């Protein structure tokens, strides 16, 4: 796809123009491999911006064609009608997806490979390069030291951009690339690859940070901080600032990364779930399409708009979409009641209070200020509490309406002279947040019932909140994080999203070196931070993809994705199935194929390769005509045409590692096929299928055995679904697994109708 953004200078009518739709627009013109596309783009730029060169924000020419520039709404409409233009759309503003993990993943591995898989990237012969689109990087962090690393790969074509606080000496054999992108409304202080937020430093070190011993956040979550692929190289593309992430910058970063020579791209950002952006106006989907065409796997976070269904973002089938789960480390801050009853709580704080229950305990609603409602006092909203009633006490606050947060309640209690805050919230109980030196902890409603009983039966109830302790080997883990966005995809239910889940709760990783906002009073800024989000989950998958690439450098992006998806685990460390934040069994809409395995994914046995033609067919089924597809893609075979019966339901036939059957009418047999490639390394291999069938359905796989005679051989099978009672009131889930003595290759199955619901 070729994309270009047109930016036209503001006149004296700027404010009126903005109200009428004037501003920065992206003009996308498809593949950069087409000389015609490039020529049309250049003519358009020369014609419109001959005297307005400063209005051009970005031009795109490596992986796709187009530019970003200031345009009036009328100019945008005119350009959209030009030959070769795929789409013209306003420059969107995307957001970051954030609100010990590696050891847990290795412990969780369910499939034991008997040929001793490599435990580190040193075993790989290929030097992988991870490109990260984020907020920048803090190069002085010890996580980015290049000790014992070899020379920078000769294929690398990137650069280390100079800035007032970032120069070539900040790059090394670990950080081999650093670029930043200017947006029209950015302050010049952000014209640097240096991270002023922390997010990019955190994701980079999670994916590829060097090992740092005795890392912690002021003693919490202590241990060795290390990336999942510590020998991988990092190329940072700074596309985000405190105001968000401009779509035009995201596209520019994709364009550069394609030319620079990265192997994997990682994005922990995206559009809000309610936006429902179309593929041809989504900078991430556009950039990822062209990156995948060039052999680059693109890994994206699923979003933090859970737990509601249908909130997953970054769902184009050429993107690997990552949900978030907990790990087996709990950051516990318990409540002690009078009589020494201990209530388990969650939170990170460094309060200096008595460990004995000596502080008066009061309900928020009992401490209501005169002009506040009882409901606002229950949640301890801003301004809802009476200072005289709160001073010197611990306050019990409740998220009874589902829209309140412990941090705001804690701030209100603190501002009124309280000693501490106990926040009741089933949703966030498993996700530890940091509250500085003010004692704050989160408990669930079951635990809260004991506190209610104690307060109601005691004349002068007292309590205390204990300092945070790190609990290892916590069970059950993993569970799906409450914030993790859920399927189904708003694009199509025929492609299951998310694809995979990975650790994204309370992840310790590197941070900027001067962030006083997370510092404790009287102590220097922490070099590490503990945060949560699908932002933290995506770089875990990125790291594993990098390791697979180092072992199998000729594998395609889809083969690497397949290896990760088909070897995922569905069980927790308590010998049960992975659950959601409510304790219910998780479905593929929560976890995709399951939780990431760092070991089995290195040797999957079989892979499902989603070919260029698969993606072209997807575009056909989705409604694009052949003329537009030929403009978009550089990989259209000479004789390719869209199938005559192209429709959304046929997306199920795309050779994806999971199976989504949508539009099921209930009174029919529906058949899809999949083609598996033998990559086990043993030549001859025989796999037998087993099926997990949802109640009321029949799933028939033909043939029931796949008999491979050599490595690289491809065999196709059919999956036929039928329902016994002819009705489908809600989406149902199953799976099929091809296995032999050495490998298990699992594909989840989702069946939905035009009227079925997700729950």
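Each Cβ is built from the backbone N, Cα and C atoms, and glycine gets one as well.
So that you can see what the record holds, here are the features copied from TrEMBL:
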SIGNAL    1-16  signal peptide
DOMAIN    24-97  domain 'Inhibitor I9'
DOMAIN    129-573  domain 'Peptidase S8/S53'
ACT_SITE  134  active site, charge relay system
ACT_SITE  199  active site, charge relay system
DOMAIN    360-450  domain 'PA'
ACT_SITE  535  active site, charge relay system
DOMAIN    654-751  domain 'Subtilisin-like protease fibronectin type-III'
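The Cβ neighbour count for residue 134 (active site, charge relay system), using a 10 Å radius over every protein chain in view, is 27.
With a cut-off of 8 Å between CB atoms and residues at least 6 apart in sequence, the same chain places 96, 98, 134, 135, 240, 268, 535 near residue 199 (active site, charge relay system), listed in sequence order. Residues of the domain 'PA' (360-450) grouped by DSSP class, helix first, strand second and coil last, total 28 helix, 21 strand, 42 coil. When the domain 'Inhibitor I9' (24-97) is classified with DSSP, helix, strand and coil residues number 25 helix, 29 strand, 20 coil.
Counting every protein chain shown, the Cβ of residue 535 (active site, charge relay system) has 30 other Cβ atoms within 10 Å. Each residue in the domain 'Subtilisin-like protease fibronectin type-III' (654-751) gets a DSSP state, and the totals come to 0 helix, 57 strand, 41 coil.
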